[in-house]
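Participant: Below is the structure I would like to discuss, written out as structure tokens.
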Amino acid sequence: MSNNVIIFDTTLRDGEQALQASLSVKEKLQIAYALERLGVDIIEAGFPVSSPGDFESVQTIAREIKNSRICALARCVDNDIDVAAESLNIAEAFRIHVFLATSALHAEHKLKKSFDDIIEMGTRSIKRARRYTDDVEFSCEDAGRTHIDNLCRIVESAINAGATTINIPDTVGYTTPYQFGGIITNLFERVPNIDKAVISVHCHDDLGMAVANSITAVQAGARQVEGTINGLGERAGNCALEEVIMAIKVREQMMNVQTRINHKEIYRTSQLVSQLCNTPIHANKSIVGSNAFAHSSGIHQDGVLKNRETYEIMTPESIGLKEVQLNLTSRSGRAAVKHRMEEMGYRETDYNLDSLYAAFLRLADKKGQVFDYDLEALAFMGQQQQEPDEFVMNYFNTQSGSSTVATASVSISRKNEEITEAATGNGPVDAVYQAISRATGYPLKLVTYQLTAKGEGRDALGQVDIVVEYQGRKFHGMGLETDIVGSSANAMMHVINSIWRSEQVEIEKRKHHTTQEAV
């Protein structure tokens, strides 16, 4: 048996079914290119008979992608198979994937056919698909709830008919790892021609066990895993391919299998899919979540600084991230604060660690996460970090509509001076940002803008989190109001005042160094 596990991605087919709006052909091609760079073996590009748009997408991807084999889905219906072949025939080699429900529940209530009829339908469709290609996959839909005797019968018949890959889906995420592994083991023990096909698995996550079921199946002999990037999919989603891939890599010695995936493309691919599909990745998502390699506990931070393997079973670099992230919070220890100061180029003689750490804890209790510019302000400005903001928003007004250019005016106080400015923008938020930039004199570049709802209904608060770049440094801001534009304005004012403090830090640092040189 081969030690290579084939990675079959169905983000563009099964994953897209979960989206409120379909992806465009251009967007699907972007994802296909990313999957090709990732090293995915099989890309299921769509269900061509379902719509002209899906047909065009599959055809375009089949024409453009050269290093991954393109696959199209078809029911066990002659026209489905013919249309799938037509969409794929531009490629040098391709796969047709036919599926048919095999559980008693589906046979009785959906198909209304006997199991003998189902076997006949499946074998006939496989033979038809083999007219177009020698790479045919057959899926036993709802295999997880199919009686094992029937499952063995149809798998044997499908292989005899010419299927080169047999897929065993846990369509509704019903099985447990022990049970699902047992199904795969039974197939290998009871199907006499099992060695003539690759056994594949396709697990859904309704009970949160899609990845565990897939890994157990590989240990039982399956050599293809199907899933989607970020676990995208209907209901609770599909098996998250990035998790399976990294599980195989991290536990390679135990599992004795590998993939041909370029692991350093994982994070980049995940971010692209999230962006194009408009599906945010949860911070605690395994492998690709923003907290996956972030350490906040002081004990953990101290351990990671001494030896990363104490609390990291894989490196962020292994998935394409640059470095480990130590989040400075009230749970961080002195070692993490000292390390961050060293990373910024400061020596212990430049500041008093005891005083800095005490001030850091006070700020962290109040603010939550402390950033580099906050730390510098504490080190070189002391209590000035706690003083009132330099710039204060008095009011803002916006005007926008479908037939007018968005405009905004702002009034900002700086000490005893009132500054008023107006600007236009690409929407009311952008107009406010342009006006704030003019009023304060800071040319800003918005890097990220994230809006999340806090609560429900008319009284829900809109939290705006932004990252802004100024002179090569990134500054974070947060605003929280029922009015989204107001939240956005507050977030930007937060940034403006952080930038001003960072400038005062530079002034204090120069004074500090001048004093040291004089001594």
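Keep in mind that glycine also has a Cβ here, set from the backbone N, Cα and C atoms.
Just lifted these from Swiss-Prot, have a look:
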BINDING   ASP14, HIS202, HIS204, ASN238  Mn(2+) binding site
DOMAIN    5-267  domain 'Pyruvate carboxyltransferase'
REGION    392-519  region 'Regulatory domain'
Participant: Counting each residue once, how many in the region 'Regulatory domain' (392-519) are helix, strand and coil under DSSP?
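Facilitator: The breakdown for the region 'Regulatory domain' (392-519) reads 51 helix, 59 strand, 18 coil.
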Participant: Name them in sequence order: residues not among ASP14, HIS202, HIS204, ASN238 whose Cβ is within 8 Å of the mean position of the Cβ atoms defining the Mn(2+) site.
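Facilitator: Surrounding the site, in chain order, are THR10, PRO169, THR171, CYS203, ALA210, GLU226, GLY227, THR228, GLY233, GLU234, GLY237, CYS239.
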Participant: Test of understanding: give the count of other CB atoms lying within 10 angstroms of the CB of HIS202 (Mn(2+) binding site).
Facilitator: 28
Participant: Which site among HIS204, ASN238 has the most other CB atoms no more than 10 Å from its CB, taking these as binding-site residues?
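Facilitator: That would be ASN238, with the highest Cβ count within 10 Å.
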Participant: Near the Cβ of ASP14 (Mn(2+) binding site), how many other Cβ atoms are there if near means within 10 Å?
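Facilitator: Result for ASP14 (Mn(2+) binding site): 23 neighbouring Cβ atoms inside 10 Å.
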